[in-house]
Amino acid sequence: MGWLILGVLLWSGAHLMRRLAPGLRARLGEGPGKGVIALASLIGIVLMVIGYGDAAYVPVYQPPAFLRHLNWLLMLLAVILINLQFSRGVLRTKLRHPMLNAVKTWAIAHLLVRGDLASIILFGGLFAWALANMILINRQQPEWTRPPRGPWWGDAIYVVISVVVYVVVVYIHGWLGPSPFGGM
């Protein structure tokens, strides 16, 4: 589980550097700073994938089977939230941190159906990172300028596209690992 923990910490540290160590980021410069963050993030993802895949199954709690249905709904919501900034409707004017809220929703959805230690480290760790990032952003930049409001049909188109993306993600998830809907 060492690689998994290191991956979560590396991902979180890289993404919190701008908020927690702005002087270091400034000394690196805009281009190199982004490069360091991108490289650390990529290494973090690789370590999380390797660490999660290699982790021994250590049960911590047994989620009830009925939570699968809530998981599916929350995952659809996470897909809708993850790229909400691309919507040209009203929804994007309502939520300040759509991507971080998507990560939190994704993490909660997985914790509802995965009660093993590796899942708690991965999904709980990324939930904690997203929450910490939101708190830091809100403290450092309390004012939020809402994006321009678009027509309602912009949201309708976006939600339809999100549902299609969700279906694709479900099939890819089943191909790469455990099928979210079983038997796929």
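Any Cβ shown, glycine's included, is placed from N, Cα and C.
As annotated by TrEMBL, domain 'NnrU' applies to 4-177. Taken as a whole, the domain 'NnrU' (4-177) shows an average pLDDT of 93 in this prediction.
Within its own chain, the transmembrane segment (36-58) has Cβ neighbours under 8 Å at 1-15, 17-18, 28, 116-119, 122, counting only residues six or more beyond its boundaries. The annotation transmembrane segment is assigned in TrEMBL to 36-58 (among others).
Per TrEMBL, transmembrane segment is recorded for 70-91 (among others). Remote same-chain residues near the transmembrane segment (70-91) are listed as 98-99, 101-103, 105-106, 108-110, 112-113, 147, 149-159, 162-163, 165-166, 169, 180-181 (criterion: CB distance under 8 Å, separation of at least six residues from the stretch ends).
Residues or ranges marked as transmembrane segment by TrEMBL: 111-136 (among others). Beyond the transmembrane segment (111-136), the same-chain residues lying 6 or more positions past its ends with a Cβ under 8 Å from any Cβ of the stretch are 1, 4-5, 8-9, 11-12, 15-16, 19-20, 48, 51-52, 55-63, 67-68, 70-71, 74, 97, 100-101, 103-104.
Look at TrEMBL and you will find 156-176 (among others) tagged as transmembrane segment.
Sequence-distant contacts of the transmembrane segment (156-176), counting only residues of its own chain at least 6 positions beyond either end whose CB sits under 8 Å from a CB of the stretch, comprise 75-76, 79-80, 83-84, 86-89, 91, 184.
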